[in-house]
Amino acid sequence: MDVGDSPLLPDSILYEIFLYLDHVDVLSVGLVCRQWHAVARDEFLWKELFYRYYRVSREVPRHPAAVSWYEDFQRLYDTIPCVEVQTLTEHNDQVLHLSFSHTGYLFASCSKDCTVKIWNNELAISLLHSSNMRLYNWSYTQFSQFNSDDSLLLVSGVFVGPRNSSSGEIAVISLENFTLLSRVRNKPYDVFGCWLNETNLISGNLHRIGHITSCSVLWLNNAFQGIESENVNVVKRLFKIQNLNASTIRTVMVADCSRYDAPDLLLDYKEQLAAATSPYQVFDLGSDSEEEEVKPKQKVMPEPVAQASPGGGSGTAGDGLQQFLDDLLEGRVMPVLSERELETKVAELLARNRTKPPELTQLPTEASNKKKYLIFTTGCLTYSPHQIGIKQILPHQMTTAGPVLGEERRSDEFFDSLDHVIDIHGHIIGMGLSPDHRYLYVNSRSWPRDCVISDPMQPPPIAEEIDLHVFDLKTMKEVKRALRAHRAYTPNDECFFIFLDVSRDFVASGAEDHHGYIWDRHYNICLAKLQHDDVVNSVVFSPIEQELLLTASDDTTIKVWRSPRTVRIHQARKPKPRKLLFSWLMNQKS
């Protein structure tokens, strides 16, 4: 678009221009109007105005896709989806989650009213279908995801079991005729579940081993469990992971490594590279070097007294456990352990030599670009999720064919180890992938800097401010300083997930302060606050049009937001006949 034909800028921006022009001795507003073409093409002016108006550090370069500073200024004020154009009120309880189909033609919503609704995304959005999951003993629906060819919809919810116990369940709905194809148990319910490919989905299960020790099993399920032949496997165990200190695996998602080499937007300019100084450390559990492993502070646990094995070796995990128990009985373990600390120590010793090591090749290469990462929240110090676990899914694991219950593993490989763990030092309340799957965005509420966790059932207090971190999944490092604008108020034991979403240029998130927020991914600045009457639980961009955003709230509504540019296009009036010409024609007839 020619800059001379551009729409008028907001008054506040024009005021900034006038101030700047006055500074360079151009005093007449009329002169500004007459010289608008020259002003709009003055790169020096727009660069200065850009840094001043948006309060961006001058060390930050221009957006790589922008042709000029004027164009980038126009992008930030004119293409942000911040104009409310429609409010959907078909839900009658809190709306918890929104998801778009890959084509952008449909989207789904989940709610405390226990329905999943499917909508037509047209200029005026309309309801296409609604499924009431109370028929299947659900309490509410909480999450949905379209498969890659948009033929199936995964719906996750909370299931009421025997004696009113709560667990999770995943349902698969056909988008051809809206029939229910299969149901899969999912425990705990905030695993949510996700698609691995067109026909296979991932669910979770939890097995208690002790009071604060458990085992999470992640399953690969065929979506057509009631249709396939009895001779074909419909379920297969992917991973079995030990949980310590009341932690569990939650919020699973899949990142496709094949997209890394063609990122939509690189975030590696020097001003905001925070990997070297960030307190949010990354450590690799597959490393042989103990110096690389950095963990948050915790109460120091006593180690068993070192004792050489009879054969001169280092001894097995069983020998270490026996030595530890002998030391404990003889009073050589100081200080005295609590019951929970003792359980954690014994569990660690038992699993030491019964855990399958991580794969040797962890980062994507040209030869292994079909690999995928399974990403989830987890922990090691307390029940609140404070770490991100990453585990490779290799090509041969992406089908339910083959051994059903992990029969291919040796008897001593009881648990799977993680390939990477990212410690956030706070309560994780949201995660989202960039469209190219290169970057992971994480909402968290931080712990006090020097906190010490002595009881896993009493996590540290969490901040009201929500930090939005960005991690590069190719390097496993944090690449941006944490964004901070949105807030949350619930304590640890009541904290709930707030879904975020990432488009090519923007990232958006809900918050408990009754607003949705939009930031620019390149400049790391907050661009808009979107008003609701209650907590905003979920936000989602259209995958084909980032100038369209949906927000879902506890106020039972879904709001539709479009950019000022899109609104002008949609509301453009048809040209009217000139009054003088119309009057002349009428006079001629008379």
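Keep in mind that glycine also has a Cβ here, set from the backbone N, Cα and C atoms.
Keep in mind that TrEMBL annotations are predicted by a computer and have not been checked by a curator.
Per TrEMBL, the features are:
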- 9-49: domain 'F-box' (DOMAIN)
- 287-316: region 'Disordered' (REGION)
- 88-120: repeat 'WD' (REPEAT)
- 529-561: repeat 'WD' (REPEAT)
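Outside the repeat 'WD' (88-120), and at least 6 residues removed from its termini, the chain residues within Cβ reach (under 8 Å) are 126-134, 138-146, 148-150, 153, 155-157, 173, 175, 178, 499, 534, 537-545, 550-554, 556-560. Mapped onto DSSP classes, the repeat 'WD' (88-120) shows 0 helix, 19 strand, 14 coil. Helix, strand and coil residue tallies for the repeat 'WD' (529-561), in that order: 0 helix, 23 strand, 10 coil [DSSP]. This prediction places the mean pLDDT of the repeat 'WD' (529-561) at 97.
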